[in-house]
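Visitor: Below is a structure I'd like to ask you about.
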Amino acid sequence: MAMELEAIPLPPLDLRPNHVSTKTSVDKGDSEGAPSAAPAGSSHTVNISAPEPIVPEQTRKQVILDHLQFIAACWAIVLAGWNDGSTGPLLPRIQQVYDVSYTIVSLLFVCACVGFVVGALLNVPLSERLGYGKLMALGSAFQAIAYAIDAAALPFPVLCIGYAINGVGMAVLVAQSIGYVAFLKDKARMGILNAVYGLGALVAPLVSTQFAQMNRWSFHYLVSLGLAVICLVLQIVILRFKTFDECMTRIGRPIQQKGPSTDSNLKQIFRIRAVHVLSVFVLIYVGVEVTMGGWIVSYIIDERNGGPSSGYISSGFFGGLMIGRLLLLWVNEKVGEWLVIFIYSLLAIGLELVVWLVPSLIGNAVAISIVGVVLGPFFPIAMNQAARILPAWLLTPAIGWISGLGRRAALCFLSSRVRLRRVRV
């Protein structure tokens, strides 16, 4: 008896490596890879269904361009660190020159806050219209203009305007630089990028402390102007006003895939809950970081009777920040980023109590430096988490929103309020 065998349909064989086949869904802000229950086309769902392409081996030219583009991003962050580390040692001299109180001088931080928030808001739509290379050049130009204004030592309101313009430029540079490196999903590079921020903030007080004791104190901003001009030249020569996708293509990296939603990037970002959680985290963290770096000099002079050389303590804090972002990378990996945040937080709180309660100039300086070490990894960890859970096509504008709005909103709130409510020991 003849027997007919019916063909059994088999599913197509997937020959791709296991790590390439990925599917992530972000539903109403949740981005843990769970399938979304919302119907297709829902305005509350951001789907990521495209697998990550295999990255081909780079040619020698692409490797060189890759390093150069990373250097351009690092220099922008060095400039941001330099800016944040410069103001603290100059504050007592600014008060003396302009004869203003702590309340009035804090307007410098408020204006920087306003400028940074404006820059963070503009970064999202401008990322789509102008592109990466043009925005990096534009941000550098804004900072150069701001430093030129500040170097002239014009009346105090004009100085505040310079700080606001500086805030706009820095918001764009920080957002674009961190977004660029985050897209590469390279933790080592993210650690280096954030470490060079500490490098800039470490060197700046060493220089600004010297200028604060000179008659031409505002000439410190001429040094800042030179750094900003170098940054502008690097962005123009290396990036050549190219878009983000063009910069990725020229180094052999896959370009970012566009999402299915027709809504603007800003609307999509606001619908992702993780963006707001990370913004709050960065708001609190950077508020503490920049408040300490900016006001510690005035605190040491007033409460510990430190002299003009107290500005070097700010360098110790930012130097610790740089060391923590480099040397604690292996600790973060071994212990786990979630748990290590709690450990570092407890250590930082304990050391802050030492600064507050122990009336020792040397002891306070050492404690401040160690606080910088344990606070250092916070921001790189937050950015690594953002790169891991946010959609690729929203990564740069979302990081701009997180690091921009959170960063300066924290600086505006905490720096001003903490100093206006000075604690007498």
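Glycine too: its Cβ is placed from the backbone N, Cα and C atoms.
Straight out of TrEMBL:
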- 13-49: region 'Disordered' (REGION)
- 32-43: compositional bias 'Low complexity' (COMPBIAS)
- 69-425: domain 'Major facilitator superfamily (MFS) profile' (DOMAIN)
- 102-123: transmembrane segment (TRANSMEM)
- 135-155: transmembrane segment (TRANSMEM)
- 161-183: transmembrane segment (TRANSMEM)
- 195-213: transmembrane segment (TRANSMEM)
- 219-241: transmembrane segment (TRANSMEM)
- 277-301: transmembrane segment (TRANSMEM)
- 313-331: transmembrane segment (TRANSMEM)
- 338-358: transmembrane segment (TRANSMEM)
- 364-383: transmembrane segment (TRANSMEM)
Visitor: So what's near the transmembrane segment (313-331) in sequence-distant terms, Cβ-Cβ under 8 Å and 6+ beyond its ends?
Guide: 81, 85, 88-89, 187-188, 191-192, 194-199, 201-206, 289, 292-294, 296-297, 300, 306, 340, 364-365, 368-377, 379-380
Visitor: Near the transmembrane segment (135-155), which residues from the same chain, at least 6 beyond its ends, have a CB less than 8 A from one of its CBs?
Guide: 72, 76, 79, 83, 97, 119, 123, 126-127, 161-163, 165-166, 168-173, 176-177, 217-222, 224-225, 228-229, 231-232, 235-236, 239, 241
Visitor: Please tell me whether the transmembrane segment (219-241) and the transmembrane segment (277-301) touch - that is, whether there are at least 3 C-beta pairs under 8 Å between them, with each pair 6 or more apart in sequence.
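Guide: Answer no, regions not in contact.
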Visitor: Residue list, the transmembrane segment (338-358) vs rest of chain: Cβ under 8 Å, 6 or more residues beyond ends.
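Guide: Same-chain contacts beyond the ends: 288, 331-332, 364, 367-368, 370-371, 374-375, 377-378, 381, 423, 425.
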Visitor: Near the transmembrane segment (364-383), which same-chain residues lie under 8 Å Cβ to Cβ, leaving out any that are not at least 6 residues past its ends?
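Guide: Counting only partners 6 or more residues beyond its ends, the transmembrane segment (364-383) has Cβ contacts under 8 Å with 178, 182, 187, 190-191, 193-195, 198, 278, 281-282, 285-286, 288-289, 292, 296, 300, 304, 313, 316-325, 327-329, 331-332, 337, 340-341, 344, 347-348, 351-352, 354-355, 358, 399, 402-403.
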Visitor: If you average the pLDDT over the domain 'Major facilitator superfamily (MFS) profile' (69-425), what number do you get?
Guide: 85
